[in-house]
Amino acid sequence: MTQQDISCGLEYSLTPDIQECVSEALQANYSFIVTPLIHPRFRRPYLPHRIPAGGFTRSDMILSPQDWTNRIVARVSPYLTVDAPSPVVQKRHEYYLHEELLYCRGLGVPAVMISLHSKHNTNLARILQTYQETSNFPTLIWTSVPMFCKRTLRNSEDLEDNKCDVAYDETWYWWSRFHQNMNWDKRVGVVLEISADLPSNDIIKRWLGEPVKAIILPTHVFHNNKKGYPVLSRAHQQLVVNMVERDAQVIVSGARRSNIEYYLQYLFRLWQRRPADTPMFSFARGWEDYLQTPLQPLADNLDTHTYNVFEKDPIKYNQYQNAIVKALADLQKKNSCQHSLDKESPTSNIIKEKGQGDSESNTKGDSESNTKTPVTVMVLGAGRGPLVRATLNAAEMTNTEVKVIAVEKNPGAVVVLAAQVRELWCDRDVTVVPGDMRYMNLSPKADIIVSELLGSWADNELSPECLDGASCLLKPNGISIPCEYTSYVNPISSSRLWAAAKIACLGDSQKMEKNLETLWVVYMQNKHDIAECKEVFKFSHPAEGIKNSEGETMLDYRGLPLTDNRRKTTVTWEVTQDNVMHGFAGYFDCALYGDEMLSIVPSTHSPGMISWFPVFIPIKTPLRIHKGEKIKATFWRCVDSRRVWYEWIVEVSDNATVLHNPNGRSSEMLL
């Protein structure tokens, strides 16, 4: 859905003349109508073994095929209860439902709306799954659910204490269990009938994580303003905007308390007056909830289009530039202090007494020597040069002479770097070195190394392995930018993301199984955070080497500190609301240098930064969780000689998932 779009439909409880209803809705600029196919008073004979002698509804020829397939959402008779306690009623209603569904299939309507009346819907789910499996036409199932259960509200004894949340929870259970019985099918969505009184914020946020296809706005939730036009309360306005942002359509239903055009005009104005989109939302428009495979820039060479997207970030490289400015300033101070100490040292005084130059000439010579020694900055994984530009800008800002060495393994990017050295940086000290940073031994050593090797979950593009392998390029006590990064997760509910991951390779059961053991990069829109973000893995650079039993740092074959990037972390959360967990959202933050940070963690997100989407970490079987329970998740980062992979397992009370991705069987990062 684009920034200007809001799709609205008009519901008719009865359509004596369906042609007139469609014309009326279209003339008022509504996109579609919702209508029952069968008159509620129409008595149909129960003939399970015979074809009825006469039709049970109007002819489909009264509308064009285009109208049926684009303008009509067919509402199944709401009185049908195929899960009724009585076997007689159940069989009769099952026959009627089957009859209506077959007619909907013949009409080719884009969506069929059914109603839920209780938590008992297993037979309904069975019938609809059979209907979907035997249908060649991709009909969507819209499940109509009221926002609260009137029966529960009447039976509630203490409305003040529980604030009616029990009644609002009840209908969510109806939908959630029905969707679970449908195996979280992506073709099945919920249509939420908005009530005049809204529930607590937590309950509304939980609905925002469900695949809401549409919301029904009864006309009685509107009230007339001073000019007599229908308007909504502020709470309802915010709810409508939040739902439409997640691709929900709006259906106006109920008695006409005003001209039907006024409702639509008000909804259009409401959508246009919503707060301006954030830079990230504007950048990600059209990619909401679209799963992408994480990049592997170490194993694969990135193409120019990918570089072009990354380089558009208005914040990231400015933050890197600020960090390099501070690092160069600190090096200047450090060198200045060291120069002062050298002047005051006894050795310096002895040299002066022996007559090797007067004080003025020595000071001048030392100053010239200090300014003539450039600061060596190595840009590791330089790509097409954005960090080289940031380094040169920082050098100008601090009046520092720098020698920049750009290391890049991608042959295509090396061509671009070499061209910029010839054409743009010909008067600057910039050298391009092609090759893998892990296997180089360059001189002079770097005072500062700068890199942008982070993925959406911090270390998932193998920054630890790359920077540890390149540690021989950095002087002792040199500066690494970034110096530290941390990955985070929080449990989420999102049947849309889970279903999208499951069917990413539809038709191959083995690939479908692997999809639920894979990290996916995705701009998450239709999801609900069950709990807050917590830290998983942390990495620092330059990294400390592992120590032997005697406390001595172990060295590798090159004499460098031997590092271990394997990790294991267990994270726990307490559940504050009944929900269904489909996986985790993964984020990271990064300390560049000093107080300069980059973050995609929602609570600390760097304003305006667009370089990284979060990751979705699914679990194979969604877990139903209840208030007061604890979610315990264990993550492993595993490493061998040629690859890195993650494994994870989740426990909730007595329930536990299987171990995901054992031995990297479904997803891995190649070294």
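Note: Cβ is positioned from N, Cα and C throughout, glycine not excepted.
Automated prediction, rather than curation, is the source of TrEMBL annotations.
Marked as active site, proton donor/acceptor by TrEMBL: E452, E461. Residues or ranges marked as S-adenosyl-L-methionine binding site by TrEMBL: Y307, K316, Y317, E408, D436, M437. The annotation compositional bias 'Basic and acidic residues' is assigned in TrEMBL to 340-369. Per TrEMBL, the feature domain 'PRMT5 arginine-N-methyltransferase' maps to 283-481. Per TrEMBL, domain 'PRMT5 oligomerisation' is recorded for 484-668. Annotation source TrEMBL lists region 'Disordered' at 337-374. The site 'Critical for specifying symmetric addition of methyl groups' annotation in TrEMBL covers F310.
With a 10 A radius on its CB, Y317 (S-adenosyl-L-methionine binding site) counts 18 other CB atoms from all the protein chains. Neighbour count (other Cβ atoms within 10 Å of the Cβ, all protein chains): 23 for E461 (active site, proton donor/acceptor).
The Cα atom of E408 (S-adenosyl-L-methionine binding site) lies nearest to that of E452, taking the recorded positions F310, E452, E461 as the candidates. Residue pair K316 (S-adenosyl-L-methionine binding site) / E461 (active site, proton donor/acceptor) shows a Cα separation of 17 Å. Cβ packing within 10 Å was compared across the recorded positions E408, D436, E452, and the lowest neighbour count falls to D436. Other Cβ atoms within 10 Å of the Cβ of Y307 (S-adenosyl-L-methionine binding site) number 18 in total over all chains.
Taking Cβ-Cβ distances under 8 Å and a sequence gap of 6 or more within the same chain, the neighbours of F310 (site 'Critical for specifying symmetric addition of methyl groups') are G383, P386, S611. K316 (S-adenosyl-L-methionine binding site): 24 other CB atoms within 10 A of its CB, across all protein chains. Across the fold, the C-alpha of D436 (S-adenosyl-L-methionine binding site) and the C-alpha of E461 (active site, proton donor/acceptor) stand 15 Å from each other. E461 (active site, proton donor/acceptor) has E452 as its nearest neighbour among the recorded positions Y307, Y317, M437, E452, going by CA to CA distance. Max Cα-Cα distance over the annotated S-adenosyl-L-methionine binders (Y307, K316, Y317, E408, D436, M437) is 24 Å. Its Cβ placed at the centre, M437 (S-adenosyl-L-methionine binding site) has 25 other Cβ atoms within 10 Å. Mean model confidence of the domain 'PRMT5 oligomerisation' (484-668) amounts to 92 (pLDDT, 0 to 100 scale). Y307 (S-adenosyl-L-methionine binding site) sits 12 Å from E452 (active site, proton donor/acceptor), counting Cα to Cα. Comparing Y317 (S-adenosyl-L-methionine binding site) with E452 (active site, proton donor/acceptor), their Cα atoms are 10 Å apart once rounded. Calculated from their C-alpha atoms, the gap between E452 (active site, proton donor/acceptor) and M437 (S-adenosyl-L-methionine binding site) amounts to 13 Å.
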